[in-house]
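Undergrad: After the structure tokens below, expect a handful of questions from me.
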């Protein structure tokens, strides 16, 4: 396992708010020569204008605020129905794992692009050997997949969050981070923004990973296979904790993960659909969601510097040649 990934490189911009940008834009429109004399020099004015253009060009936005709905609005159980418990009128559920079985659920619809959000409280205490998964996946041999996998650990040891992206049946793009909070003590938000330009993984609205559309570099990108959402709690003690060295302690069963929110804002499509009928018209297609903004890149850099424990982009044993998407994703 590699150590922390390299930090991103480039110009560090101050965090301009929308009010700052409005003031700067108004300042540019003022015709009076006194406005020009406020600049110390022509060079300063040029830098000022260049900075404004750069900030404006990279202006992004957070996803729209999710709307909580009952479980049954968007999801249905898939297996071991009796291991799913419902509370608060179906607004909260628990998945139970015991020695006999785990359980899981899936979305009722298939989606091409959108924003998918879940609030989860992970298995507390000794969760070694267990995996709580929340992911999107298509349903054919050369499938696409976008994964959150929470790898349990012994009591007192931190959870590991593993993310992965499969395109055209190819995965092996694992990244692993520690979380900066206890994910078992309270609900936290985990979401994916997926459009034609990028896939962004968020934890509590902080981007922890971006996977850009790099088709021009020969890297497949999920764009024409509708995906369902899935979540499950299952035993994976052959690999989940310390490579399988730590086994599940069944005396601690049942292991329980709790969910609420169940937000889906996506383009629903049939399994056979190759494009979204409203492509280009939805909020996630707009320019401000085609890239992260400067503040989002800065927060992603913070996650990479402080919490990354493995990044396939820096693993020269597995990948002697740098995967082409890594530079565009600023993973090196």
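Cβ coordinates come from backbone N, Cα and C, glycine included.
As listed in TrEMBL for this protein:
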{"type": "DOMAIN", "residues": "6-259", "note": "domain 'GH16'"}
{"type": "ACT_SITE", "residues": "145", "note": "active site, nucleophile"}
{"type": "ACT_SITE", "residues": "149", "note": "active site, proton donor"}
{"type": "CARBOHYD", "residues": "153", "note": "N-linked glycosylation site"}
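Are these features on the surface or tucked inside, and what are their neighbours?
TA: A mean pLDDT of 84 is what the model gives for the domain 'GH16' (6-259).
Packing around residue 145 (active site, nucleophile) is summarised by its Cβ count: 18 other Cβ atoms lie within 10 angstroms of its Cβ, all protein chains included.
Sequence-distant neighbours of residue 149 (active site, proton donor) (same chain, six or more apart, CB under 8 Å from its CB) are 131, 132, 133, 135, 161, 162, 163, 164, listed in sequence order.
Long-range C-beta contacts of residue 153 (N-linked glycosylation site), restricted to its own chain and to partners at least six residues apart, with a cutoff below 8 Å, comprise 127, 128, 159, 160, 241, 246.
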